[in-house]
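According to Swiss-Prot, the protein has these features:
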{"type": "REGION", "residues": "1-37", "note": "region 'Disordered'"}
{"type": "COMPBIAS", "residues": "14-37", "note": "compositional bias 'Basic and acidic residues'"}
{"type": "BINDING", "residues": "Cys108, His111, Cys179", "note": "Zn(2+) binding site"}
Amino acid sequence: MDAVLKSLSVRLPDAADKRSDTGRPERVTERPTRQEAEAAVRTLIRWAGDDPEREGLRETPQRVARAYEQIFGGYRQEPTHILDRVFEEVEGYGDIVLVRDIPFHSHCEHHMVPFIGRAHIAYYPRRGVVGLSKLARVVDAFARRLQTQETMTAQIADTIDAVLNPRGVAVMVEAEHLCMAMRGVQKAGVSTLTTQFTGVFKQDPHEQVRFLTLVRDQR
């Protein structure tokens, strides 16, 4: 039987918004021009102690600006739109859906240094399922911003919960933070793990154990 598609309409903070210290979005009122961004890179090169006009660095400001457009492309995405179509005809399936080992890279909002890792997402469908690739796209939409791992974990779970209205969502994120490896304490290879649960996963510890077991199975 052909799957039945349905579009969902849910209003969450716009992708052009940024978070305040409280976690609530704050409108970005003015975006600098590309020329201003490139000038800022030249200033940083000089501050680091090098000459932005030497041959190897002459085109670096343009390259950095182009790279940042891709690296921080999540600001131009609305994660709720990624999930706005569901397959309602799933032949009675109502058990857990798990997508694990979703690779991502993000940037620490404190030092603008990368943190790199994997996300694991599970949910119990209530009225339909989304394409599996959509969950990976939601991870990317939030990861490609200035972030903390804790906030990103909560954003992923809360968005899936708000849009799909499942019986529960579980998200685990594990990552290595280069700000910890390259500066400060300088401890490479240290992993940070964060989790966020909603619905049955939050209410029932056995469901949390099941999720964690499935994530770790055959590793």
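Sequential numbering from 1, following the chain as shown.
Keep in mind that glycine also has a Cβ here, set from the backbone N, Cα and C atoms.
Feature map: annotations from Swiss-Prot on the structure.
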{"residue": "Cys108", "record": "Zn(2+) binding site", "Cβ within 10 Å": "18"}
{"residue": "His111", "record": "Zn(2+) binding site", "Cβ within 10 Å": "15"}
{"residue": "Cys179", "record": "Zn(2+) binding site", "Cβ within 10 Å": "16"}
Zn(2+) site, defined by Cys108, His111, Cys179: further same-chain residues with Cβ within 8 Å of the Cβ centre
His107, Glu109, His110, Met112, Val113, Phe115, His177, Leu178, Met180, Arg183
By the DSSP assignment reduced to helix, strand and coil, which category contains Cys108 (Zn(2+) binding site)?
strand
In which DSSP state, out of helix, strand and coil, do we find Cys179 (Zn(2+) binding site)?
helix
